[in-house]
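Reviewing the structure listed below.
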Ligand code: F6R
């Protein structure tokens, strides 16, 4: 997904921009560019390809104390040098980088062309540089030109703008696409993601939708779209630059899978109460009476976040006995949902910036819903929008496929379910059982990680299959869905997930020696039913890889994970599937951390 970085200060901007762009590479992109301004000129370089290709064409004497950079992920127009950002106005005075989508770009382009403006690229973004360029001559400030230009724009944007007539100044604006300011010593940064600026500063300010900021070396001012100045309190990001290093692992994905004993421990830290066997979740901002008042829980999130929400819904139903279900936020927001006062809404997002989830939260808030967030990125848009919530403290997730955020989200749900259960009918003994089970997780995850070699051998055995079926019952079903998701997104092997109970209602027709099945078979009250399903697959000559708490004769291969409390088992059952997908993708030579067509954080519709 597109990335923005901007710098103004006493250092040379170009190396800082290139370093920032490198930090954004993990989000996925197809071209990169930058513009640097000094007292004499505005110069740009842009290329189709990697940031390293851009660095290779930036001359050593590319001097200037302010500039903007961009990694582009093509939406309007193919990946090419010309379509890469920054885009300039006709007089080559203004340069703009843009994340998001300008919905009325065609209409604006026609209007500008009728005024004699010649476009260079096929992008929607280029209308912004021309709009600002044609306005800036009539305004006293760049900020006013940007504000006026944005008034005619329909769509989403995070933008950074420089003007060759004002070398020490950058204007940034946000509507639906994140912009964060970084405050340095006599220098200012801006980026679409803190990853780009964390090497230089941890003091940050998030822009809200509709806000615009003027950055100079000695500070910044923020304004609403109607030019009222806003007061912003900077906060300190607790992530460190080192979190973005690969730690000696071949891929970030493997690093993040391996971090899970620590990340799960961090999600739990300080939140379990041994005296009353409850969870301390101050961030929920709810007293026990309020926590008791909900009659239903509705969970929303996208992709893997949604699957972790399905695990969450089961935990809440089992431990708190409140009806709970999960739905993709991307569907929820479009179906004019009925919002009830006695329903607790929970939104999940690792990045905190997923547009569909944010839009769903905003719709809920408009209708008076009470929304909690389970979010990894502190201060992100979804976190700011929610009434309260639980931060994961899993550290930044760099690889596109979610792993550690998934398990930490499931753990956060166990804590919420414990909280909601203990203010209702969950007994202290059951509360204790869950607390003890949660405490065991980090060590048990370590045990699973020791099986990496065994799982790698299995991944190599099955990686050649044209497709795989993943099945699970009740608690095992979201695990199966997440397993299929991991496999398809990083190895590009087709994978379907089905409730094991549904197999005989259709998909059994697919079973053959060519379509192996990964079966999630925990030791729970459904074990016998699951073993019967394995028999049915076996009878159709289907090969079976079973993931569970024991081996079974019906399975060709087994991965055995440590047993925890039944309600918590899905968390552990997920981890071998992450390792399996990782090694299948490596065996197939895939770009594991940056799978094709995908972006880490989907900040567009
Ligand atoms: C899958 C994956 C995606 C994300 C989804 C939501 O591995 O990473 O499905 O889970 O795009 O992202 P967040 O959690 O940032 O809202």
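Note: Cβ is positioned from N, Cα and C throughout, glycine not excepted.
These features come from TrEMBL:
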{"type": "ACT_SITE", "residues": "2", "note": "active site, nucleophile"}
{"type": "ACT_SITE", "residues": "600", "note": "active site, for Fru-6P isomerization activity"}
{"type": "DOMAIN", "residues": "2-218", "note": "domain 'Glutamine amidotransferase type-2'"}
{"type": "DOMAIN", "residues": "286-426", "note": "domain 'SIS'"}
{"type": "DOMAIN", "residues": "458-595", "note": "domain 'SIS'"}
Could you put numbers on the helix, strand and coil content of the domain 'SIS' (286-426), residue by residue per DSSP? 62 helix, 28 strand, 51 coil
Same-chain residues at least 6 positions away from residue 2 (active site, nucleophile) with a Cβ under 8 Å from its Cβ, in sequence order, are 27, 29, 70, 71, 72, 73, 85, 98, 99, 100, 192
Counts by DSSP class (helix H/G/I, strand E/B, coil) across the domain 'SIS' (458-595): 66 helix, 26 strand, 46 coil
For residue 600 (active site, for Fru-6P isomerization activity), list the number of other Cβ atoms lying within 10 Å of its Cβ atom. 25
